[in-house]
Amino acid sequence: MGDSVGIKYSSVNEGEERKGGHGVPKVSIVPLIFLIFYEVSGGPFGIEDSVKAAGPLLAIVGFLLFALIWSVPEALITAEMGTMFPENGGYVVWVSSALGPFWGFQQGWAKWLSGVIDNALYPVLFLDYVKSSVPALGGGVPRTLAVLILTVALTYMNYRGLTIVGWVAVFLGVFSLLPFFVMGLIAIPRIEPSRWLQMDLGNVNWGLYLNTLFWNLNYWDSISTLAGEVENPKRTLPRALSYALVLVVGGYLYPLIACTAAVPVVRELWSDGYFSDVARILGGFWLHSWIQAAAALSNMGNFVTEMSSDSYQLLGMAERGMLPEFFAKRSRYGTPLIGILFSAFGVVLLSWMSFQEIIAAENYLYCFGMILEFIAFIKLRVVHPNASRPYKIPLGTIGTVLMIIPPTILIVVVMMLVSFKVMVVSILAMLVGFVLQPALVYVEKRRWLKFSISAELPDLPDSNVEEDGTTPLVF
């Protein structure tokens, strides 16, 4: 192989194709930035609990520190691995290449389940914002029907194509962030800097605090499952991740800094939706209504982008032979039809869970997936140091190990702080994956369902063979 592993992706090497192999336009950088924005954030809706849990100072410092020790490393790893393996399936392919198909499947199962649990939250949040104007949607049959109708409508948008989802995300992103920019300007004359310094370490809800920060600053790797749909990913993906990082972190800190200093901080009031109350205090009913509308529409953006990531992940797993071939079936719009239907069914099935249970359960499953991701990243750096990496983090092996130590510690802390109920349910969900993978292997051997690897994809490097032909020591 010479100096590099022979992983050749024609669309990456040529960098000129505007359409994929199915004649569908690929995603350009602007929609990609907002797809990442909605995969991770969607705006500052939901960050209010950080103030409730710990006060203004720890909330502001927390978002700064978490961005540095969690978001930046995760985005850098996504940029390197996503350009090394620019295909649908993303992190599933990374882990499969490094640790083998069994662990690749576990990664896919945990991340897909985490994404579907996350997506079950957004129709519920949308209705929570709307029910102040339409009280009938507060519960009962009308609310259940509204969740189903909303899920079907947004699922159809995913069916129609990723480029549509991308440009819808651009529109929703601008609409959702603009009222906070206006509110920040209005807040300037009222700012009292002393309010930022409020802190009571003896009265901090660490579980709520860490889960809120973690939930609002993770999922940077989700965009990797769409890498096969991106125009010139070796150049576009790293740039889009860097721009989205600034957009997300700035979108949190700007309103948090402005609002906690512009109004007296009563921590008990800082829960989901409180920014709209601050908007009423600072700007009146028109700003309050604008932020409520932005919050409702932002949840739609979160839903369609998360579903895109989840469904393309299933398509990518099928193209690698991990799932039955029918998961690789595309609609006439080039979208993963079966993956979309499976993801929508999971959303409806899980929509009964409470807000805090959803966040804790998805965080636990997500942490399990991130541990596998970090191991795969380091192993590929060690075993295949000279593999083609169009973007490479400018750190050696020791540097990358040091980079992931803080987020790994954070993962352990987040997993330890969940309730016993959430831990048991999450572990049982992961164990399902341990049974499901060998069951699918058995189904394939019996030829009950057809499995195949896409002829358009290159072979993955052997994770058990060094580039010099030797086998690494395994401890």
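Don't overthink the numbers, they just go from 1 along the chain as shown.
Positions of Cβ are set from backbone N, Cα and C atoms, glycine also.
Per TrEMBL, the feature transmembrane segment maps to 27-47 (among others). Among residues of the same chain six or more beyond the transmembrane segment (27-47), those with a C-beta under 8 A of the stretch's C-beta atoms are 59, 63, 71, 125, 162-163, 165-167, 169-170, 172-173, 176-177, 180, 212, 215-220, 222-223, 226, 229-231, 236-237, 239-241, 243-244, 247-248, 251-252, 255-256, 272-273, 275, 294-295, 298-299, 301-302, 304-306, 308-309.
Annotation source TrEMBL lists transmembrane segment at 53-77 (among others).
Residues of the same chain lying 6 or more positions beyond the ends of the transmembrane segment (89-106) and with a Cβ under 8 Å from any Cβ of it are 81-82, 221-228, 312-313, 315-317, 319-320, 322, 369, 372-373, 375-377, 379-380, 383, 430, 433-434, 436-438, 440, 460-461, 463. Per TrEMBL, transmembrane segment is recorded for 89-106 (among others).
The transmembrane segment annotation in TrEMBL covers 142-159 (among others).
Residues 27-28, 30-32, 34-35, 37-38, 42-45, 157-158, 247, 251, 254-255, 258-259, 261-262, 275, 278-279, 282-283, 287, 290-291, 294-295, 297-298, 300-301, 304-305, 308 of the same chain lie 6+ residues outside the transmembrane segment (165-188) yet bring a C-beta within less than 8 angstroms of a C-beta in it. Annotation source TrEMBL lists transmembrane segment at 165-188 (among others).
Through the fold, the transmembrane segment (243-266) approaches residues 29, 33-34, 36-37, 40-41, 43-44, 47, 50-51, 55-56, 59-60, 63-64, 67, 71-72, 75, 173, 177, 180-181, 183-184, 187-188, 190-193, 195-196, 198, 216-217, 220, 275, 278, 281-282 of its own chain, all at least 6 residues removed from its boundaries and within a Cβ separation under 8 Å. Sequence annotations record features per position, and here TrEMBL assigns transmembrane segment to 243-266 (among others).
Same-chain residues lying 6 or more positions outside the transmembrane segment (278-297) and placing a CB less than 8 Å from one of its CB atoms are 43, 45, 125-126, 129-130, 132, 172, 175-180, 182-183, 186-187, 190, 259, 262-263. According to TrEMBL, the transmembrane segment annotation covers 278-297 (among others).
The transmembrane segment annotation in TrEMBL covers 333-351 (among others).
If you look up TrEMBL, you'll see 363-383 (among others) marked as transmembrane segment.
With a threshold of 8 Å between CB atoms, the same-chain residues lying at least 6 positions outside the transmembrane segment (395-418) that come near it are 66, 69-70, 73-74, 76-77, 206-207, 210-211, 214, 360, 363-364, 367, 370-371, 374, 377-378, 381-382, 385, 426. The transmembrane segment feature in TrEMBL is assigned to 395-418 (among others).
The transmembrane segment annotation in TrEMBL covers 424-443 (among others).
If you count C-beta pairs under 8 angstroms between the transmembrane segment (142-159) and each of 53-77, 333-351, 424-443, the highest count goes to 333-351.
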